[in-house]
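Worksheet: one structure, shown below.
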Amino acid sequence: MKVCCIGAGYVGGPTCAVMALKCPDIVITLVDKSVERIAQWNSDKLPIYEPGLDEVVKKCRNVNLFFSTDIETAIKEADLIFISVNTPTKTCGNGKGRAADLKYVESAARMIAEIAQSNKIVVEKSTVPVRAAESIMHILRANQKPGIHYDILSNPEFLAEGTAINDLLNADRVLIGGEETPEGHQAVEKLSWIYEHWIPKQNILTTNTWSSELSKLAANAFLAQRISSINSLSAVCEATGADVSEVARAVGLDSRIGSKFLQASVGFGGSCFQKDILNLIYICENLNLPEVAAYWQQVIDMNEYQKRRFSQKIIESLFNTVSDKRIAILGFAFKKNTGDTRETAAITVCQTLLEEGAALDIYDPKVEPEQIIDDLTHPSVTESPEKVKKAVQIHSDPYSAVRATHALVICTEWDEFVDLDFKRIYQSMMKPAYIFDGRKILDHERLQQIGFHVQTIGKKYQRTGLLRSWGIVPQL
Ligand code: NAI
């Protein structure tokens, strides 16, 4: 079997790499319209960082895994084609700011219709609104050449960035939606056969196309909802003296609830949660279900509130002004083990601090400096890109980032931040020295003993560091 995947991004890349690893009998060609991206996939420095990805790519590349910009040949030769292109939120027109923009999916479908000379199974791997497969089918069938048959399947991807390889190797489930016709069932069987190379058959769920499409939106909505739920309680904790970690532990031990995704933080980011919930909201509004739309809107609103609340806390703690203060930002990616910055909470935090006149020293182990500058000078973030460039310095080492700063802000939960030498950091910072732990990863007691003022999410600390530095042992 020959497989082609259109879209060599965070999903297409790792998915095809693992598929190639586990299916030596299948030839997979991953194509993209971006010449630069394909060149990177064919180089030693892959375009995305994912733990374990390099090894898999090196093993399979040019054996049964190929990266190419020759979309036409790949489509022509493939029996099965994954569409794994981006589906961002629309930025203009009908549904602006909510609906998924399907222009890339549509353009992929049109390319297939134009190029195909034999039967194809077209698999929608991108996250799409319910009934998007119908639109793809419409395009394909309207442009159908005589004798060519298309089957459309929905096969949403559930991997999480940062753990993509493990998620793909040990998927909780693979979901395949298809048409309820004999041909549809055959197409589902063919795709299922690929996954059966490494996924136990009982973990491969088959359903109708619409349920499959909606399940992906539902899964992301549920995951984001848990984060917003615990984040909402973090505000209650800070106002009452409760500790959100203790609350999360107590709640999570209930087997009906479970402990995963109950970590309070500065807010969720990433390319998917917000986009997919907005998409769900848009669908609900169009289906005349305003109560359902309003329910899910709250998940987004709470996340915005959390990001703003954390940024405000920094400013208030620093005597209500950060103007001309240097602030170190540790971590810019939306989560650890990825270099992806799409919708990262760090952008909101940096934006707020920059607007208030702070100078920022930013360090992230995996995000390219140009990416950080691009994000912070984007028209949606600032009207004065030149001013931002002057106020931001990117560092390649955390110790140089924190030197002579008034405060250190943790925006991403990178493991390496836990093991930093905080005594050394304290020495090099301005006093009083503040730490704002937006990810709750540091040992706050120890930091206070060193002399830091610590602020975090979901737990109120007294100004113990300052009192201790005056020789007063505070009564907690
Ligand atoms: P991405 O932006 O990293 O990659 C998409 C790629 O598609 C880009 O390289 C782009 O150049 C290429 N592309 C767009 N139109 C094309 C065309 N007509 N021909 C050839 N190449 C084309 O996006 P990512 O993150 O891989 O997401 C892809 C889809 O998977 C989205 O629908 C997303 O919602 C979904 N998804 C993403 C997850 C994630 O963690 N990033 C997880 C699960 C699903």
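Every residue gets a Cβ built from N, Cα and C, even glycine.
Unlike curated entries, TrEMBL annotations are predicted automatically.
Per TrEMBL, NAD(+) binding site is recorded for 7-12, D32, R37, 85-89, 126-127, E161, 272-275, R342. Spatially close to E161 (NAD(+) binding site) yet at least six residues away along the chain are Y10, E50, G270, F334, K335, N337, T338, D340, judged by Cβ distances under 8 angstroms.
Residues or ranges marked as active site, nucleophile by TrEMBL: C272. Less than 8 angstroms from the CB of C272 (active site, nucleophile) sit T127, N220, each of them six or more residues away in the same chain.
The annotation domain 'UDP-glucose/GDP-mannose dehydrogenase C-terminal' is assigned in TrEMBL to 328-444.
Note: D32 (NAD(+) binding site) has non-local neighbours I6, G7, A8, G9, G12, I38, W41, F67, T69, i.e. same-chain residues 6+ apart with C-beta under 8 A of its own C-beta. Proximity of the binding-site residues N86, T89, Q274 to ligand 1, judged by a Cβ distance under 6 angstroms to any of its atoms, singles out N86 in sequence order. Following the DSSP three-state reduction, the secondary structure of D32 (NAD(+) binding site) is coil.
According to DSSP, T89 (NAD(+) binding site) sits within a strand segment.
Summarised by DSSP class, the composition of the domain 'UDP-glucose/GDP-mannose dehydrogenase C-terminal' (328-444) is 43 helix, 20 strand, 54 coil.
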